[in-house]
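Asks: What follows is a single structure, and I will ask about it in a moment.
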Amino acid sequence: MQVILAKHAGFCFGVKRATQLAFEAADTGSETYTLGPIIHSPQVVQRLEEMGVIPVEDVSEVETGGTIIIRSHGVAAEELEAAVRANLEVVDATCPFVKKAQEHVATLSKEGYDIVVVGDAVHPEVQGIVSYAAGRVYVVSSDKDVERLPRMSKIGIVAQTTQSFEHLHDVVTACLARGGETRVYNTICDATAVRQDEAKKLAGAVDCMVVIGGFNSANTKRLAQICRELLPRTHHVETACQIDEQWFKGVEKVGVTAGASTPKWIIDEVIDRISAIDKDKIS
């Protein structure tokens, strides 16, 4: 059974940078916290906890003088301000692509634009982006949501960094159809687009797909969705222990990809587990 790994599976630049900052902070031996999970990988969060880097939900949980790391998804503007007011040492591990989306929203809002964010309203990245708007701001998950928005004379559009280009295009088209001045910033991460494109091609060339990543990871869930639309025999796992031999009955080629928050050691473990399966002995 041939196992084919997508070229760009695993950590993207922003996640690699965030985890590196977190592990460097852990090596100092000082009390270190992350505001929320540093990335959407329970296994990485657990490993950091074992090294003394503890996730907290609120700045008030950290004593004055402590170190707090801003997660890769970013945080709300008021949370960052609260950390500064509390005299904490702030290590900002916000992904540069997310930071750019925050900056665009702040600028557009000051220029009188109503903001439309394309994404998942409950995702921490989107909640952080929204907080930088000084005026009206709306989160839409699809072009159908645009129909429910009020009329706007000036619309500024940004996207959650893990959205697909097709999704952003559909929302922009729907906004343009309503009239008014529209300014769009493509804030989708290049790594997201590359991974999604690779996943489509790989899913079309194999008998079964395995997508590795946190079940709470938006970009991993999106990869699994994209693959499943092309290949129903697609399975989303977090770790190797979740692999089921029955998935590979009659399979000649297995495609493997992984979300941007998935560390290399987990990818290697999953591939080793799949490679050890003798498909001819599956009953």
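Each residue's number is its place along the chain shown, starting with 1.
Note that Cβ sites are derived from N, Cα and C of the backbone, with glycine treated the same way.
From Swiss-Prot, for reference:
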BINDING   Cys12, Cys95, Cys189  [4Fe-4S] cluster binding site
BINDING   His40, His73, His123, Thr161, Ser217, Asn219, Ser261  (2E)-4-hydroxy-3-methylbut-2-enyl diphosphate binding site
BINDING   His40, His73, His123, Ser217, Asn219, Ser261  dimethylallyl diphosphate binding site
BINDING   His40, His73, His123, Ser217, Asn219, Ser261  isopentenyl diphosphate binding site
ACT_SITE  Glu125  active site, proton donor
Asks: Inside 10 Å of the Cβ of Asn219 ((2E)-4-hydroxy-3-methylbut-2-enyl diphosphate binding site), count up the other Cβ atoms and send me the figure.
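Replies: A count of 26.
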Asks: Checking the binding-site residues His40, His73, His123, Ser217, Asn219, Ser261, which are within 10 Å of Cys95 ([4Fe-4S] cluster binding site) at the Cα level?
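Replies: Final answer, ordered: His73.
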Asks: State which of the following binding-site residues has the fewest other Cβ atoms within 10 Å around its Cβ: His40, His73, His123.
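Replies: So among His40, His73, His123, the binding-site residues given, the one with the fewest Cβ atoms within 10 Å is His123.
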Asks: If one measures from the C-alpha of His40 ((2E)-4-hydroxy-3-methylbut-2-enyl diphosphate binding site) to the C-alpha of the residue listed as 'active site, proton donor', what distance in angstrom results, rounded to a whole number?
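Replies: Checking the Cα atoms of His40 ((2E)-4-hydroxy-3-methylbut-2-enyl diphosphate binding site) and the residue listed as 'active site, proton donor' gives a distance of 11 Å.
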Asks: Rounded to a whole angstrom, what is the C-alpha distance between Glu125 (active site, proton donor) and His73 ((2E)-4-hydroxy-3-methylbut-2-enyl diphosphate binding site)?
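Replies: Per the Cα atoms, Glu125 (active site, proton donor) and His73 ((2E)-4-hydroxy-3-methylbut-2-enyl diphosphate binding site) stand 5 Å apart.
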Asks: What other residues of this chain sit with their CB within 8 A of the center of the CB atoms of Cys12, Cys95, Cys189, the recorded [4Fe-4S] cluster site?
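Replies: Here the nearby residues are Phe13, Gly14, Val15, Ser72, Pro96, Phe97, Val98, Thr161, Ala191, Thr192, Ala260.
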Asks: Could you find out if DSSP has His123 ((2E)-4-hydroxy-3-methylbut-2-enyl diphosphate binding site) as helix, strand or coil?
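Replies: For His123 ((2E)-4-hydroxy-3-methylbut-2-enyl diphosphate binding site) - judged by DSSP and reduced to three states - the answer is coil.
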Asks: Excluding His40, His73, His123, Ser217, Asn219, Ser261 themselves, which residues in that chain have a Cβ inside 8 Å of the centre of the Cβ atoms defining the isopentenyl diphosphate site?
Replies: Ile39, Ser72, Glu125, Thr162, Gly214, Asn216, Ala218, Thr220, Gly259, Ala260
Asks: Select one residue from Ser217, Ser261: among these binding-site residues, choose the one with the most other Cβ atoms within 10 Å of its Cβ.
Replies: Ser261
Asks: Restricting to the record's dimethylallyl diphosphate-binding residues (His40, His73, His123, Ser217, Asn219, Ser261), give me the longest CA-CA distance in Å as a whole number.
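Replies: Greatest Cα separation within the listed binding residues comes to 15 Å.
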Asks: Would you mind pulling the DSSP three-state label for Asn219 ((2E)-4-hydroxy-3-methylbut-2-enyl diphosphate binding site)?
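Replies: It is helical.
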